[in-house]
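Student: After the structure tokens below, expect a handful of questions from me.
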Amino acid sequence: MATDIATRDLRKPIDVAEYLFRRLREVGVRAVHGVPGDYNLVALDYLPKCDLHWVGNCNELNAGYAADGYARINGMSALVTTFGVGELSALNAIAGAYSEFVPIVHIVGQPHTKSQKDGMLLHHTLGNGDFNVFTRMSADISCTLGCLNSTHEVATLIDNAIRECWIRSRPVYISLPTDMVTKKIEGERLDTPLDLSLPPNDPEKEDYVVDVVLKYLHAAKKPVILVDACAIRHRVLDEVHEFVEKSGLPTFVAPMGKGAVDETHKNYGGVYAGTGSNPGVREQVESSDLILSIGAIKSDFNTTGFSYRIGQLNTIDFHSTYVRVRYSEYPDINMKGVLQKIVQRMGNLNVGPVSPPSNLLPDNEKASTEQAITHAWLWPTVGQWLKEKDVVITETGTANFGIWDTRFPAGVTAISQVLWGSIGYSVGACQGAALAAKEQGRRTVLFVGDGSFQLTLQEVSTMIRNNLNPIIFVICNEGYTIERYIHGWEAVYNDIQPWDFLNIPVAFGAKDKYKGYKVTTRDELRELFANEEFASAPCLQLVELHMPRDDCPASLKLTAESAAERNKSL
């Protein structure tokens, strides 16, 4: 077994935990989410010294969701849990972050290395002496593991994990045994900031791919740009915006790409999701002779049940690790460098005018005297109320699909979990996002269904504790609407117990730091949206938004029907 480095040989000795937390602060992390446990307590003592804020969540699952939301606004996040019981509680959230390319550094406090070596029968174990079993469980949902068991390699493992987390935009796992927390290592390397730059593409290969792309782009008569989630996750939005601006091409987003493009831009055409799209959007995208697809994730909920009608022969796919031109794939090529060179070398394109975007109310909704708040009326109306640079979070279900019809002001960030789709995610994510947004002076708005809210609403307590002021709309429609449309319309398992949502923040100790509203008609919601004090978000606000039980966005209905058919036929 390797011996520890003698402290006297270190030029700038520093404790392992301090090194780890200082690196996290260096890359922009300002708050750490998690739940304390006896194997991580001493490590948590280092947070104040490293100028990191401890959030302290109600449970590890919610903490994981919160870390996800924080990372989507801040760029990266950190989560601390304890061995076994704590880390396993967070795994659903970590899996979602892995699925959706969200960079979280998951730090797990572990028992003393000698206890592990001796196979002691400790609490939080399976009782079989295997102390690596939980690490193995995390391996498939982490892009790298950093097991800090020896001072000789600790700094390298920490630096590598943080860099991989950033570059690959996925969670990493760092185990920190109790005896390693206070061990001394060389701190001199902290004087050199981590290199978080992407590995450069091979210049010759990159130039060849750019030439191929430009050949098809200049030959196309009706090219369009389609932007999706991985353009956001892999940080190519500057390149995308420059491409959109310089090319003048009609530009659309997939549902997971909402917010990736300035929706007030003259080139912006709307959300393309196959059969769930606005008819004009669908016609323009599907009649195009060249789709420049940037960061696509073609999942079922992102495509209205795999209903894309665009062929690969007319598509160029840009991704973080490859570019695919029609049926030819070019591996080990990052889209960032390729997009930069395309913009530099593109020149003028021969394209026609872009159709003006529209998310106006449907004619039947404009003429309606109905007072019930329907999805067809709600979501375009929300777009008229939102502010520039808002952070808008939507829960899996009606909100996730309804937001497709909301036209965002400039600079709005959208957060949802379309691929992983864990109900309840949005509440924890709202806490994390609101914390990061507060640091940026931005407003946070959450739309969550009543069923999903019941899973994770403890994090409203954490919002109150951290003086966060999100505006929370709870869509009250008597249960799991998305699941009713898939199967079991009248089934009791899709029902929920009605809760008095407006009094929950009071039970959590909000007192004078909270305002609640109950809205049942369109006029009441119009009045609330016109209330300047409400819009200024002076404190945490919760709105019970009552909607018909059987109403849902048309895109959700189509997707649910597709899911039901697959469940029966596969």
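Just so it is clear, glycine is given a Cβ too, placed from its N, Cα and C backbone atoms.
Annotations for this protein, taken from Swiss-Prot, read as follows:
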BINDING   ASP38, HIS124, GLU483  pyruvate binding site
BINDING   THR398, GLY421, SER422, ILE423, GLY451, SER452, ASN477, GLU478, GLY479, TYR480, THR481, ILE482  thiamine diphosphate binding site
BINDING   ASP450, ASN477, GLY479  Mg(2+) binding site
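Tell me what's around each of these sites.
Tutor: The Cβ of HIS124 (pyruvate binding site) has 17 other Cβ atoms within 10 Å, all protein chains considered. Annotation note: HIS124 (pyruvate binding site) sits in a coil segment as assigned by DSSP.
The secondary structure of ASN477 (thiamine diphosphate binding site), as reduced to three states from DSSP, is coil rather than helix or strand. Around the Cβ of ASN477 (thiamine diphosphate binding site), the number of neighbouring Cβ atoms within 10 Å comes to 23.
Under the three-state DSSP scheme, ASP450 (Mg(2+) binding site) falls in the helix class. Here the Cβ of ASP450 (Mg(2+) binding site) has 24 other Cβ atoms within 10 Å, regardless of which shown protein chain they belong to.
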Student: Can you tell me which binding-site residues out of ASP38, HIS124, ASP450 are within 10 A of GLY479 (thiamine diphosphate binding site) by Cα, answering none if there aren't any?
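Tutor: Within 10 Å of GLY479 (thiamine diphosphate binding site): ASP450.
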Student: Filter the binding-site residues ASP38, HIS124, ASP450, GLU483 down to the ones within 10 angstroms of SER422 (thiamine diphosphate binding site), Cα to Cα, kept in sequence order.
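Tutor: Passing the 10 Å Cα cut: none.
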Student: Express the distance between the Cα positions of THR481 (thiamine diphosphate binding site) and ASP450 (Mg(2+) binding site) as a whole number of Å.
Tutor: 10
Student: Closest of the binding-site residues to THR398 (thiamine diphosphate binding site), Cα to Cα, picking from ASP38, HIS124, ASP450?
Tutor: ASP450
Student: If you skip the near sequence neighbours and keep only those at least six away, which residues in the chain come within under 8 angstroms of GLU483 (pyruvate binding site), Cβ to Cβ?
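Tutor: Result: ASN494.
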Student: What's the CA to CA span in angstrom from HIS124 (pyruvate binding site) over to GLY451 (thiamine diphosphate binding site)?
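Tutor: So the Cα of GLY451 (thiamine diphosphate binding site) lies 31 Å away from that of HIS124 (pyruvate binding site).
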